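Only one structure is covered here, and it is reproduced in the block below.
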Amino acid sequence: MSELTLTVMRLGFLAVLWLFVIVAVQVIRSDLFGTRVTQRGSRRGGNASGAPAQGGRQAAAPPQQRQRRGAPTKLVVSEGTLTGTTVALAGQTITLGRAHDSTIVLDDDYASSRHARIYPDRDGQWIVEDLGSTNGTYLDRTRLTTPTPIPPGAPIRIGKTVIELRK
Amino acid sequence: MSVVTNTTTIGAIELPSRRNTELLLLAFAVVIPIFAYANVGLSIHGKLPPGMIAYGGGLAVLAGIAHLVVRRYAKYADPLLLPIGTLLNGLGCVLIWRLDQSERLQNLAKRQFGQFSESAPRQMMYTALAIALFAAVLLLLKDHRTLQRFTYISMAASLVLLILPVIPGLGADVFGAKIWISVAGFSIQPGEFAKIVIAIFFAGYLMVKRDALALASRRFMGLYLPRGRDLGPILMIWAMSLLVLVFENDLGTSLLFFGMFVIMLYVATERTSWIVIGLVMSVAGAAVVGATASHVKARVTAWLDPFACYTKSGACEQVGQSIMSFGSGGVLGTGWGQGNSDLIGFAANSDFIFSTVGEELGLAGVMAFLLLYGLIIERGVRTALAARDPFGKLFAIGLSGAFALQIFVVAGGVMGLIPLTGMTMPFLASGGSSVLANWALIGILIRISDTARRPAPAPAPSPDSEMTQVVRPS
């Protein structure tokens, strides 16, 4: 065997061995446990897996809603078992309730399955609406009867849970 | 999901079974040792080795059987454990075959035992037996929690396994360490199996006692000191591992058991003080034994300066040769079959097999091997994290901890980081007990990971169906 062949084989073996290690690490990477966040609703296709053509079109399209100045950007749970939870407000409806398909699943005996929802109207103003809950939804201290715009910083009380919209 | 207006859904990832990934990796893991085998043949004899088809085919068949058993009986198991085990085992066989070709070792064996017998075919046979054991573990052990019933039986069993080599007539004193027993012409190393059995005891025991050990303690100088009666078991294990050290002259096994217990204790109680107590106790024990037992003392001398006593003691010469082979390997190694690691002489293909890796594959190869071991350990720890029952968690941690300690002890020993202990490198080293025990270990880890990664059973009655309580103004 020539020296050259042996050298090539020696380096080739190391390369193959390392390739195996790298492939194994890649398998781990695609195998991480945890939770998956799926984009849903009108912005479907904004996923990383979206086709390039689709992505291109979306980039060209104007944003659906102009962000109003001073509009709240996140929803914060300030009391109750979920205290500290924040949800970004991205122009979609947020449902609250004990039902497990709610955006915010309340672990609260005094909340109904589908308790309330918070959604932006055409101008981007956030509205809270009670969905016929048993114990009612309170904005500040008044029980909601109709969909009501949320003033900045006003607490919304659902059972033992209080949420607020913040910038 | 009826509500389509949600912005995001946060849900657990439904894990695919990953069996096809495993098959692909497994194919890769069979090809690499065949490549290495051809490489050794070409560099030593200048032609492809004659047994290549048989060897490669054998490894592929064994891997295929193992894969089918996993596919059938542990569908959701971790996809990495089996391929990495196969790769290491296959490369181990190649390393042993490569050392079989060494004329130096052949002559040494002829001088010492009158004849030379190849180790590689024997190792292949043990590998086949080990894969059978692996399949048996997966077939018979449907749920690892059944092992929990045998908590105290396994304590007794592991004690018996540890004591066996000391019993006169049964134990065999091989080169100073009494860790073998010979039964019907076969020498068995019971310590390798005791490692698994004792993990069952530790896991079952700590699962029950973890709260007492974690909570009932006094705080002293920033450390949580356990009550005396809770300290009992750790003292007992410590004494037992010291006894093993004294009577069997085996530093590795005692370190392994004590270390494993401390790791599991730490994981079960989340108290750093156990690590501190464990380290202090093992250092104290090792210092006392190191100063008194002659066998251990020789190893410590060989570790401190192998070249000072190089010509005087065999232990020093072995460690010195091992360090030199790592050095002459350099970064990329000399290439398969072109090193002189056979100068280590006795135990070149068992305790010192990692030196051959160091010389012929260099630092790059050593790192790759250590990473492969690291991946097995990582998958074990990941399995422990994902396991849903405390027994499974502790058991998986114990097994991967034992595996990690063993690798540290062996690799550290041959590299001169710690005194040499006379344990075997899992999957690489020649020896039936080691291969059998490590495949059983991988089998149990695969069983636990299958249970852990299996999609959760249907959730309990959903909260939607529960009544909402009504607020009554009082």
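Just so you know, glycine gets a Cβ as well, placed from its N, Cα and C.
As recorded in TrEMBL, the features of this protein are as follows:
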{"type": "TRANSMEM", "residues": "B:23-40", "note": "transmembrane segment"}
{"type": "TRANSMEM", "residues": "B:52-69", "note": "transmembrane segment"}
{"type": "TRANSMEM", "residues": "B:81-99", "note": "transmembrane segment"}
{"type": "TRANSMEM", "residues": "B:123-141", "note": "transmembrane segment"}
{"type": "TRANSMEM", "residues": "B:150-167", "note": "transmembrane segment"}
{"type": "TRANSMEM", "residues": "B:179-208", "note": "transmembrane segment"}
{"type": "TRANSMEM", "residues": "B:228-245", "note": "transmembrane segment"}
{"type": "TRANSMEM", "residues": "B:251-268", "note": "transmembrane segment"}
{"type": "TRANSMEM", "residues": "B:275-296", "note": "transmembrane segment"}
{"type": "TRANSMEM", "residues": "B:352-373", "note": "transmembrane segment"}
{"type": "TRANSMEM", "residues": "B:394-418", "note": "transmembrane segment"}
{"type": "TRANSMEM", "residues": "B:424-446", "note": "transmembrane segment"}
{"type": "REGION", "residues": "B:453-474", "note": "region 'Disordered'"}
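The transmembrane segment (B:81-99) and the transmembrane segment (B:424-446) are in contact, since at least 3 Cβ pairs between them lie under 8 Å (pairs 6 or more apart in sequence). A Cβ distance under 8 Å defines the sequence-distant neighbours of the transmembrane segment (B:52-69), meaning residues of its chain 6+ beyond its ends; these are 19, 22-23, 26, 29-30, 33-34, 37-38, 41, 82, 86, 90, 93, 97, 124, 127-128, 131, 134-135, 138-139. Residues 147-148, 150-152, 154-155, 157-158, 161-162, 164-165, 167, 170-172, 233, 248, 250, 253, 256-257, 260-261, 264-265, 268-269, 390-391, 394-395, 398-399, 402, 406, 422, 424, 431-434, 436-438, 440-441, 444 of the same chain lie 6+ residues outside the transmembrane segment (B:179-208) yet bring a C-beta within less than 8 angstroms of a C-beta in it. Among B:352-373, B:394-418, B:424-446, B:394-418 has the largest number of CB pairs under 8 A with the transmembrane segment (B:251-268).
Residues 144, 147, 195-196, 199-200, 202-203, 206-207, 252, 255-256, 259-260, 263-264, 267-268, 303, 306, 319, 322-323, 326, 351-352, 354-355, 358, 370, 373, 376-377, 379-381, 383-384, 387, 424-426, 429, 438, 441, 444-445, 448-449 of the same chain, all 6+ positions outside the transmembrane segment (B:394-418), place their C-beta atoms under 8 angstroms from a C-beta of that stretch.
Beyond its flanks by at least six residues, the transmembrane segment (B:424-446) meets 70, 74, 77-78, 81-82, 85, 88-89, 91-92, 95-96, 119, 122-123, 126-127, 129-131, 133-135, 137-138, 141, 144, 186, 188-190, 192-193, 195-196, 349-351, 353-354, 357, 369, 373, 376, 379-380, 383, 395-396, 399-400, 402-403, 406-407, 410-411 of its own chain at Cβ-Cβ distances under 8 Å.
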